[in-house]
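Accompanying notes for the structure given below.
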Amino acid sequence: MFHNSGKLLFFLGKADRLRITVWLFSLTVITIAVPLAFGNLYPTQAERDVMAQTLSNPALTAMVGPVNFETYTIGTMTAHEMVLLTALVVGLMNILFVNRHTRVEEEEGLLELVRSLPTGKGANMMAVFLHILFINLLLVLLISVGLGVLGIESMGWNGSMLYGMVLGGSGIFFAGITAISAQLADNARTSFGIAFAVLMIAYLVRAVGDVSAETLSWFSPLHLSSQAEVYGANHWWTILPLFGVGILLFAVAGYMASLRDLDAGLLRSRAGKTTASSFLGTPTGLALRLQRTGIISWGIAMLLLGASYGSILGDLETFFEGNEILQQMLAGESSASFTEQFLSLLIVVIALIATIPALMSMLKLYKEEKSHRVDLLYAHPLSRFQFFASHLSIAAVQGLVMFLLAFAGLWMAGVAVMTEPFSFLTIVGAGMAYYPALLVMVGVTVLLIGFFPEKSGWVWAYLLYAFIVLYFGGLFEFPEWMEYLSPFGYVPELPNEDMTWLPLILLSMVALVMVTIGFRGYKRRDLQG
Amino acid sequence: MTILQTENLSKHFGKVKALKSVSMDVREGEVFGFIGPNGSGKSTTIRILLGMLSPTGGEATVFGMDAKNQAVDIHKRIAYVPGEVNLWPNLTGGEVIDLLMSFHGVKNEGRKKELIRDFQFDPSKKCRAYSKGNRQKVALIAALAIEPDLYIFDEPTSGLDPLMERTFQKYVKDARAEGKSVLLSSHILSEVEQLCDRVGIIRDGEIIETGSLTDLRHLTRTNLYVETSHTLENLEQWEGVHAVEQEEAGWSFQVDTEKMDTVMAELSTFGIRKIESAPPTLEDLFMRHYEGSGGGEE
């Protein structure tokens, strides 16, 4: 039944070696970097206590888990802020790996090839299981040893080992879930969708549970990573259900695989619509429909992002007074309060992040071209202007909506935690001041699509540049002109600075000129294909 | 009346000369076969005609309008099926057909249903689940349901099975009967032979031959097989006779069409017992043009 599993396993390892390296390397580096950074940022217990105070609010609990430790050492701080989120990422990694070697390969016909060779019927599932077990154990080893050798006082070997095992256990658990979903669905996308939905629900269930009713959290496997209390009580039993259930799920998946035909799923995929709504028959309708899921997800993410930032506005004054590095980040000679200065920084960061979905929508214009799908469209009486304008307007309107959602979230959370909250207009007004800068970024994207379509991805590098300069500008003392190389640098930093309209008007005009020129290029040039 | 015309069309991609000089025309009510191997410039020519590429030199007009600048007006009257159909993975086939039709403002439900039935197409699946042939059916059904004045097909049947190929041919014949014009690019010669009134042969970005199939057959040879009562001698030295091969009971060879008369007269003196002739296929015609570009045959 498992004949030749070993050879298959060898091939899986070979095919994945780069992917495994990148994933494990990134996860390990980030995990090790965090306690080191915390050590620098919050060297004294007093500073960490203030931090603990600031972080113990519902929004953050929902994000990273409950505060369940007595002293906020570097160790417990790292565990509190990192274990759950890393487990989430490890879960995603496992879903991708397992889905690739089950459904994706089945869809591509690779499994058919393997089955035609002298391999056992269960060989593939066995090979995938051993492969994924190997990846997760390697991760455990890297993380545990990596954290252990740091030699930080509050991070002993016992806790470091548990840290790694909790991540590995969560990985195996979600690998098992994916092995099952791959048997249920009859295509790779649905299979990924089911597994990913389980991961997200697990995260949300414990978020709600941690904030309001703790019993609810126990329905989520991710709760175990908080419950392990790494570097605190070190509950080793938590890894048993993770590994146990994960392995059990694989066994069940193997059995399910033997029940079904190749290329079939245990769930019949339901028939889709045979006709289109009239909305779909317009360029804008089509573009919106194609981006629907993305836009909705970004909208929710923006609201949550705003709210989570807003939730820390409460105790900021005390927090900043004790921390020089954070004060330096604000680089404030200004007379405004720390909270106001910090708010200005938050707003620019949110604005930069909320720019991403608008740029993605604009880039979709080129993505559709590159995937040859516009060939079919442009053969119809559809002008380049119509198709272009529909993408541009989606990008512009989406930018506005994302800004509103993020800043409304920021304001609402602020109201909840502050004694004297900022007014809605202060926050949303300050945020909206960045809208012309977003339009310039869209303009840059249009220029690239119009003249250097293959290079249109460079706009991300430009956005990253803006982020680094504006976020770390004060900390690293970059020269001022570096800020002015990005459109965001011209925007008055409300409420910290005074409002000036001129730069905003100029930015809007620059955006308009860029879009006009970029469109001329797009209209004239050859479509790629 | 000329529906579609290109004159000395050239297109360079950097240093690569995809098209050197393409001149051709499609007349009203005819099916024009555009044949040539992969990479010879068929799709590039079509993409210029659709206004997706600008020519480096020369002119392309459809319905007397400039292919690039008046693309939208032209496209109101044409339908196009690309060789490689890429669809949106998360829309269903039915949705895409409706979507494409609605860009033309066409409803035509009856004809759409008929086409879906004739092509045995399941419109309820997501496009990601369709095979190449089924994706091609999506584009074909939408194009045929639009009923435009001019169809442009770029190797439309490369993913279809023979049965569906016949369905496609039936629809093309119907379209011609209704006076529609068709530009059909293909490297499947039997298809072109079945459907086309005239053909243009393209090689390395140049049209090397245009004309009706009958015209082009003048340039070709007829395949003959004969058995005679007297022994044939020195056959290979006769004027107009080529590729002589002795078989078990007779000879097979090719005869230049213009020398047919003299060869037949000479043959009859040997007492013909059996004669078989086969008309030149497009394949022969094609092969002659492709027998090495340096060959002395042309």
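Heads up, the Cβ atoms here are built off N, Cα and C, so glycines get one too.
Just so you know, TrEMBL annotations are computer predictions that nobody has curated.
The transmembrane segment feature in TrEMBL is assigned to A:20-42 (among others).
Summarising the annotation, TrEMBL assigns transmembrane segment to A:82-98 (among others).
The transmembrane segment feature in TrEMBL is assigned to A:125-149 (among others).
Positions annotated as transmembrane segment by TrEMBL: A:161-180 (among others).
Sequence-distant neighbours of the transmembrane segment (A:192-209) (same chain, 6+ residues past either end, Cβ-Cβ under 8 Å): 62-63, 65, 88, 91-92, 95-96, 98-99, 103, 174, 177-178, 181, 184-185, 215-223, 226. According to TrEMBL, the transmembrane segment annotation covers A:192-209 (among others).
Beyond the ends of the transmembrane segment (A:236-258), by six or more residues, the same chain brings 121-122, 124-126, 129, 162, 165-166, 168-170, 172-177, 179-180, 182-184, 221, 224-225, 227-228, 266 to within a C-beta distance below 8 angstroms of the stretch. The transmembrane segment annotation in TrEMBL covers A:236-258 (among others).
Annotated transmembrane segment per TrEMBL: A:295-314 (among others), in sequence order.
The transmembrane segment annotation in TrEMBL covers A:342-366 (among others).
The transmembrane segment annotation in TrEMBL covers A:387-413 (among others).
As annotated by TrEMBL, transmembrane segment applies to A:433-452 (among others).
Taken from TrEMBL, the feature transmembrane segment applies to A:459-479 (among others).
For A:499-519 (among others), the entry in TrEMBL reads transmembrane segment. Packing against the transmembrane segment (A:499-519) from elsewhere in the chain are residues 385, 388, 392, 433, 436-437, 439-440, 442-444, 446-451, 487, 490-492: each is 6 or more residues past its ends and has a CB under 8 Å from a CB in it.
A contact between the transmembrane segment (A:433-452) and the transmembrane segment (A:20-42) is absent, since fewer than 3 of their C-beta pairs, 6 or more residues apart, lie under 8 Å.
When Cβ-Cβ distances below 8 Å are used as the criterion, the transmembrane segment (A:82-98) is approached by residues 16, 19, 23, 27, 30-31, 34, 63-65, 128, 131-132, 135-136, 139, 163, 166-168, 170-175, 177-179, 182, 192, 195-196, 199, 202-203, 222, 225-226, 228, 230 of the same chain, each at least six residues removed from its ends. Sequence-distant contacts of the transmembrane segment (A:20-42) (same chain, six or more residues past either end, CB-CB distance under 8 Å): 13, 48, 51, 74-75, 77-78, 81-82, 86, 89-90, 93, 135, 138-139, 142-143, 146-147, 150, 152, 155, 163, 167, 323, 325-326. If one looks beyond the transmembrane segment (A:161-180) by at least 6 residues along the same chain, the residues whose Cβ comes under 8 Å of a Cβ in the stretch are 27, 31, 79, 83, 86-87, 90-95, 97-99, 102, 125, 128-129, 132-133, 135-137, 139-144, 147-148, 191-192, 195, 198-199, 221-222, 224-225, 228, 230-231, 234-236, 238-239, 242-243, 245-250, 252-254, 256.
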